[in-house]
Structure formats: C-alpha cells, structure tokens
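In what follows, a single structure is set out as structure tokens and then discussed.
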Amino acid sequence: MPDSQGRRIALGCEGSANKLGIGIIAHDASGAAHVLSNVRHTFVSPPGTGFLPKDTAHHHRAFFVRVAKQALRDAGIAVSALDCICFTRGPGMGGPLTSVAVGARTLSLLWGKPLVGVNHCVGHIEMGRAITGAANPVVLYVSGGNTQVIAYAEQRYRIFGETLDIAVGNCLDRFARTLEISNDPAPGYNIEQLAKQGGRVLLDLPYAVKGMDCSFSGILGRADELAALMRTGGKGPDGEDFTPADLCFTLQETIFAMLVEITERAMAHVGSNQVLIVGGVGCNERLQDMMGKMAAERGGSVYATDERFCIDNGIMIAHAGLLAYETGFETALEESTCTQRFRTDEVFVKWRN
Amino acid sequence: MAATPAAASEPQFPLPSILNNPASAPPLLIAQGAEGRLYKTTYLVPDLACAVKYRPPKPYRHPVLDVRLTKARLSSEAKVLDRCARDGVPVPALYAIDAAGGWMALEWIDGPPVRQGINDWLGARPETDTTHADEQVDQTPLVDLMRRIGTVMGALHRTGVVHGDLTTSNMMLRPWKDGQGQNEGGEGTVLDGDVVLIDFGLATQSQSDEDRAVDLYVLERAFASTHPRAEAYFEYVLKAYGKTFKKAPSVLVKLADVRMRGRKRSMLG
C-alpha cells in the first residue's frame, strides 16, 4: 500500500557473493526512486586467498542483524512503512545466498511483509538505469561472477554475448591472488591502482573474442605464467624487464579491450549508441574511459555509476524487487528458494514496455 | 556488397592510404560495421571494381595491441580466403593486402545478397494458407537455392574453414551469365545466381564436428529470424549439405545436440 505521500517502500537483502548488503528504497507517486539507506559489509579474505562459500555464508549470518538494523536506522522509517522484503534468488554462491534468504524470510514472517525474489543481474541493470537515467542502453554487466552484454527487447533482458568460461572479475581477483595483492577494499581496485604505475611495456597476452562472446581463463593462465617468470628474474619475450605494475597494466588493457569490442559489436547489432556499465568491475575508471572513447566514436555516451551502486548492494535488490512488486509480483514463502544458476533472460520484465 | 551507398564523394571518415591514391576510382562507403568499413572502388584498371575492407585504428585500444590485432585478423582472413579460393569454394578473390595498414582489396561481387533475393521472392508471393502452400505455389526455385547454399556450405567445411558469422546477408547471388544454369523453361527468377560467401572476418580454420555444427546452427537461427515464412525450407540446406563430404552426416548429428543446448550456458554465480 502506498503511504500518505504516495510512496512505496521496500527493503532489499543481497548476499550472492562476499558482500552482505541491505538497503531501503522508496518509489514516489511518479515512480522515481529515492535511496533511503544503503548499508554494506564485506567479507575480506587475506591476501593470496579468495573467499570460500562456507566462510562467506558464516560472515553473512553473523552480520545480517547488525546490517539490517543499521539500514532501518539510516532510513529513519518504521518497520510498518515497508511494503515488501526483497532478496536475491540467484545467481550466486549457494551458501551465502541461502544464509541471506533465511534472514529475509525471517524478516518477512516477523513483520508480516510479502517476500519478493529478485534476479541479481536484473537488480544491477535496473539500479544502473535508475541512477544514470539511461533509458534503453546496451548493458555491459561485469563482476566477479558474471560477464554479459545485454540489451532489452520484448519484456526480457536478452544476452547478446557472454563469457565462455570464467567471469572477468574472477580473472582479476585470481590474478590479484597470484600477485598476493590485498583484497581490501577489493582486489580489482588494487589492481587498478597498481596498473596506473605500469604502462612502460605492454606484454603479449592471448586475446579471446569469439563473435560477441569472450573467454578469460587462457589469459589468466598466461598472466600467471608471466608472474612466475617475473619472480624468478626472467625477462619478457622481447628481453624487457617487467614489474607487477606492468602485468596489471597489460591484463587490464587486454581484457578491457575485449569487453569494449564485444559491447561495440552488440551496439552495432541493435543500433544503439548508449552503453551502461554495471557490476563491480564497472567501477574501474580505465574501463569507463575506454568505453567512453568507443561510445564517443559512435556518437553516443557511456553511463556508469560509482562503487555505492556498482558493487553488490541491497538497494538494487530492493529497487528491482519493488518494480516487480508494483506489477503484482510476490514470492510465496514456500517458493522463496535460491538458485546458483539463474539466467538474466529467464526473468519476465513486466514493468517495461 | 550491393547495399545503398552511405556516402558519396565527400568522405565522412579518414580513409586508408590506398584510397587516397589518385589512380583509383573515388571510393564509395558501402557499409559501416563495428569492425570496419567497406568501400567500393577500382583495382589497377578503371573497369575492375573492387571492395576495400578497412579496419581503422580503435582509439580505446592500446596502440601496440591495436596494431597486433588488426594485423592478425586481416592476415587470418586473407589466409582463409586463399584456402577457399584454392579449393574452389566460391569466395571473393583477394587482390591485395596491407595488414599493417589495416586494409585488404577484394573482388567485387555483383548481385544482391541472398537475404534480398529471398525477401523479393517471398514478397512477390501472397501469404497463403500454409497447409496448402505446396499445392498452390511452386517453390521449386527456392528449394533449388536452398540446395545451392547447402552445397556451398559443404564445400567450405570440407576445406577446413568455418565461417563464424553465417547469415543470408553474408551470401551473395552472383548473376549467372546468359544461358548458364537456368531452370527448365528458361524463365529467370530473383533467386537465380551462384551463391558466393563473403565477410570472413570471424572465420577460423577448424575441422571439428562441433565447430561446423555451430556454424550451421548460427545460419539456421539467422535464417529463421530473417525469413520466418521460409523457415520450413531450411531442411533442404541441410539435406544438400549432408551429401557434400564424408564427415557431413556426423556434423548433422552433432547439430541436433547443438540445437538442444543452444548457445546457452547455465550461469554459475
């Protein structure tokens, strides 16, 4: 039910990877979104290691109540003002997903509010559109778990291109482990900073684009080999010295060129000149810069958001969930399960024309 | 290559050095894709039309990477074309290449794309009740074209090349010379002509059933979305393909697998 000012309010719970996020959003009578709170707590593993599902799930369970309380305090609203509780159904890591779903179910039963299950990728896309105002862009969704080029057509977000193996963020995260770079605040962020000191040489890495799809595991393998070579004092293929910074620079230049290329191909295919970048890797300013150059050449522009909305957060789940809720969608308690595999194009997008 | 010219004499984009050569005819920008641009001009003599494919530098890419990719892609495309030409697969002849300069000059193929031929053919025929379509409308020339496509695909795969981007826009209908290969009765139709494959920008050399089946699948999907009314005729492409080379039947078996899974990949987080 809309409140006295015609607003609808939703609380969203996200925990498909190492970020636990809870946020509260309001849609006013005109449909505009207002962020009331956006709280996040990240599970950071030591350098050289990744986040394991078991530990991450434990982290989410341990912090759920604290983060939820903080989100309510920041929003300054009473529980009774909420219309629904939204949670991530997938895709993501099983353990962390189910931990957060248990939390969301508990809130739903405790406060007597309906549940709304949300596709994580659709959450990213809708949040990006709401924040940037991009009406109908080609979307590049790049994160630790996903790499997709998406365009909207007839009630679905269609996947035009995607990774054939690991996600681009996974490639960066694992290379950060190889170099034993800190995971705080995020491995990708630290690679980006280190890459700024590199750039004297561009080493030779494989380049794997197939139509609108791409592949990253071979590139990671070669980058790991070069890192091992560097540690033993070896030289590059042309006898040059190189540093971790040069490796980070090379990796970024190569994989981002691939992403921009497949995005450009999708834009040419659907005849669009707007591009929206979402997902954690979307924070990377070099990627935004390259995408901007490509879009400018096509007479268009790039839309990107900052870390508050790019990196996994609860507010995007609340926003996408509320959009669905407004069209009459609810997830019954018995059906409020999670799934590790949940394609973006499985969601029926009733709220768009 | 017979699309409407996008720009006349005044070039909208910087031209590759070859097209600034006063000896060649003024270039006509024919198409602009994500990869590059296609111009129509002449080669060596004023009456030999040619297509120049130009891959301009990408400003977003590191210059070292840009040069490396452009070079590798152009020379791989040239190798594939050469291989096809040697084995008699109908493709445009390669006239000249400057891999470092980012361009190649190819034989100009006259005639409409197959897409246009089929659309003209279907457009001239009323949409009939499909249950009686075969009785009412003689589709022999269309069936014939489908078989020619299948035969050309078979020839391509037999040489160890997969195209990577097969659509009816990437096939041309080169007009028959007078009296050659005409249907009985001598009446020409919009579907007449030799099928010539173009645009090998995404082609690779491969002999695996999987790659070949995916190549067929891509065409099948493109065909169904471009010509939904003629979808039922695609089987003639596959039937003709199955007779072209020894391994063709096993490719068709693989195609059934590929259809089942599509290109869909189950998403893991």
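Glycine is no exception: its Cβ is also placed from the backbone N, Cα and C atoms.
Note that TrEMBL annotation is computational and uncurated.
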Among A:Asp173, A:Asp204 - the residue TrEMBL places in the same substrate site as A:Tyr141, A:Val142, A:Ser143, A:Gly144, A:Gly145, A:Gly188, A:Glu192, A:Asn284: A:Asp173
Among A:Asp312, A:Asp345 - the residue TrEMBL places in the same divalent metal cation site as A:His120, A:His124, A:Tyr141: A:Asp312
Least Cβ-crowded entry, counting other Cβ within 10 Å, from the binding-site residues listed as A:Gly145, A:Gly188: A:Gly145
Residue pair A:Gly145 (substrate binding site), A:His120 (divalent metal cation binding site) - Cα distance, angstrom, rounded: 11
Filtered binding-site residues - A:Tyr141, A:Ser143, A:Gly145 - keeping only those with Cβ under 8 Å from chain B: A:Gly145
A:His120 (divalent metal cation binding site): secondary structure state under DSSP, collapsed to three categories: helix
Shortest C-alpha distance to A:His124 (divalent metal cation binding site) - which of the binding-site residues A:Ser143, A:Gly188, A:Asn284: A:Ser143
Candidates A:Ser143, A:Gly188, A:Asn284 (binding-site residues) - the one closest to A:His120 (divalent metal cation binding site) by CA: A:Ser143
Neighbour tally for A:Ser143 (substrate binding site), based on other Cβ positions within 10 Å of its Cβ: 26
